[in-house]
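**Q** One structure follows; several queries about it will come next.
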Amino acid sequence: VPANCLLPMKVGPCRARVPRFYYNSSSGKCEGFTYGGCGANANKFQTKAQCEKACA
């Protein structure tokens, strides 16, 4: 699993409420979360398919 996929999910401080996906290293699956629009890390993908291609 690439290092960016092991980063914790990070919503960020903004309040844009953008649907995104991240790799949950505990469950081994890509899961949805609501991204605030700024201040995230590299464990953030536009689609579940992109997340799975990169991490799962």
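Each Cβ is built from the backbone N, Cα and C atoms, and glycine gets one as well.
Copied straight from Swiss-Prot:
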- C5-C55: disulfide bond (DISULFID)
- C14-C38: disulfide bond (DISULFID)
- C30-C51: disulfide bond (DISULFID)
- 5-55: domain 'BPTI/Kunitz inhibitor' (DOMAIN)
**Q** For the C-alpha pair, I'd like the distance in angstrom between C55 (disulfide bond) and C14 (disulfide bond), rounded off.
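**A** That separation, Cα to Cα, works out to 26 Å.
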**Q** Where C51 (disulfide bond) and C5 (disulfide bond) are concerned, what is their Cα separation in Å, rounded?
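**A** Between the alpha carbons of C51 (disulfide bond) and C5 (disulfide bond) there are 9 Å.
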**Q** Using DSSP, break the domain 'BPTI/Kunitz inhibitor' (5-55) down into helix, strand and coil residues and give each count.
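**A** Result for the domain 'BPTI/Kunitz inhibitor' (5-55), in helix, strand, coil order: 10 helix, 15 strand, 26 coil.
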**Q** When you rank C14, C30, C38 by Cα distance to C5 (disulfide bond), which of the disulfide-bonded residues ends up on top as the closest?
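**A** Of all the candidates listed, C30 is nearest in space.
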**Q** Can you count the other CB atoms that lie within 10 A of the CB of C38 (disulfide bond)?
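**A** Step by step: centre on the Cβ of C38 (disulfide bond), count other Cβ atoms within 10 Å, giving 12.
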